[in-house]
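Heads up, the thing below is written out as structure tokens.
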Amino acid sequence: MTKFVFVTGGVVSSLGKGIASASLAAILESRGLKVTLIKLDPYINVDPGTMSPFQHGEVFVTDDGAETDLDLGHYERFITTRMRKANNFTTGQIYKTVLEKERRGDYLGKTVQVIPHITNEIQEYIKRGAGLGTAHEVDVAIVEIGGTVGDIESLPFLEAVRQMSLRMGPNNSAFVHLSYVPWIAAAGELKTKPTQHTAKELRAIGIQADALLCRADRPIPDDERAKISLFSNVPEWGVISMWDVDTIYKVPRMLHEQGLDGLICDKLRINTPPAKLQRWDELVYEVEHPQQEVSIAMVGKYVDLSDSYKSLNEALRHAGMKNHARVKIDYIDSETISPQDVSRLAKYDAILVPGGFGQRGVEGKISAARFAREGKVPYLGICLGMQVATIEYARHVAGLKNANSTEFDPETPCPVIALITEWKDADGTVKTRNEKSDLGGTMRLGAQSSDVSAGTLAHSIYGDVVTERHRHRYEANVNYLDELRAAGLVISALTQREHLTEIVELPQDVHPWFMGVQFHPEFKSTPWSGHPLFNAFIKAALDHKARSAGGAKNLKAVA
């Protein structure tokens, strides 16, 4: 029978519930348990697909094509279970489902209310996410409830998990609550009152926390933990200190050493072998002992919020670890780059242009791609980054001076990038769209496979077939591919059905490392293996740094 751990948060948002949940899952998995995680988001949007990155951060895409919360990226990087559409749902999805049932007459004329209809539907979604009765069923499902206790948006979710815990009976569920313990510099002490109040508010809803994770900028002394225990009705061993660390990969060891996993296993009556966290210790050692440093210029549109590129940041750091190097990322707003000052990118060892939507800042990205191509600086373009590299090449090499994307100029005479009108989705169904289609849920999403041409840089990285996750509406226009090929651009991967362009590159006798990919490889990177594309990109950056230093000896790098 699947056991459940419900993770809630109090006082303020952004405490790190996602990292805490993923870390607990990682420890339980190291004990031999099959674990999954589910994220409940209390906003009314159906999914985060149409939300601004400044509002929500990155949209993480699963293999089956779900646009989800960025916490699912943490989940996949910390445990081996792959996330699915069922692992993330929102208030919008719940209400949409309930209203559809009401319209069909499924409720047999009853008055549809938050309790029981909304709360029952939430419980059904949680069970679906845990894979109950299917091949995806797990030993433990950790359910992270977004928002903060006390928010009106979260109340139906908290009521639903309270009911669910009651129905499952004792020892089948546990509650973990994150709180904030601020350090007041003027007083020179930690203040526990906010944590006392959030635990009290949780009890008023009918939920008693089994463990309190107390977030602070420093370890919490034993006397303060005892005080929190007394006023929150949580045993002292259940008051866990969770202080700031320089890498998130230290959190599993931190929580384990304070006995969180043992407490949860005792509460759920689960007998397991001891936790094995050696690989986490080795990972932290690799983070803390780089042999060299490499600097990457990330030229993007959403650089004011690093969470907009969360998986990308992690993928670069993973690749750095595989190459025994610290990766220093400088975020550069593409709106600030012009052909006149693009040379300021010369100090970097490589240039990366990530995905994005809309016209703002596009010309700056095109200038960055041109600088990388002409200066022989390693370049990786992802999604829009591939498209701007294609536009740049068409304008300045292929002679198509007015080349553009119909996303930025619908009337362009040379639409080298255009809207995809038909494609096969991750589940094999054929999808169509046009300029008047809704924005939400109409992109090419999820894992897609492509054939890779032999003898190319892409083939040396991926082999014969590449399968990666996608999230885009626009694609290289097949009507211009022959002209681009004739001008020297290598189209090294095409989809197997529609022959859509997936990878473009320059011959290695023309440029040492220049590649654009239509997909999002960052979603499949892990701290254990990195990702072959990013591993190769960071190695190319290290090689470029060595060449720029006049042939200085390069330390061994592994791609």
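Heads up, the Cβ atoms here are built off N, Cα and C, so glycines get one too.
Since we're looking at a predicted model, the values are computed, not measured.
Site annotation (Swiss-Prot, ligand L-glutamine) includes Leu384, Gly385, Met386, Gln387, Glu407, Arg473; from Gly356, Gly361, Gly446, Gly530, the additional listed residue is Gly356. Site annotation (Swiss-Prot): CTP is bound by Ser13, Asp151, Ile152, Glu153, Lys191, Thr192, Lys193, Pro194, Thr195, Gln196, and the candidate from Lys34, Lys39, Lys127, Lys227 recorded at this site is Lys227. Just one of Asp71, Asp106, Asp139 is listed by Swiss-Prot for the same ATP site as Ser14, Leu15, Gly16, Lys17, Gly18, Ile19, and that one is Asp71. For Met386 (L-glutamine binding site), the nearest neighbour among the listed recorded positions (Ser13, Asp71, Glu144, Glu522), judged by C-alpha distance, is Glu522.
In terms of C-alpha distance, the listed binding-site residues Lys17, Ile19, Gly385, Gln387, Arg473 place Lys17 closest to Thr195 (UTP binding site). Recorded residues Lys227 (UTP binding site) and Leu384 (L-glutamine binding site) have their alpha carbons 53 Å apart, per Cα-Cα distance.
Sequence-distant contacts of Ser13 (UTP binding site), defined as residues of its own chain at least six apart whose C-beta falls under 8 angstroms from its C-beta, comprise Gly147, Thr148. Distance noted between the C-alpha atoms of Thr192 (UTP binding site) and Gln387 (L-glutamine binding site) is 52 Å.
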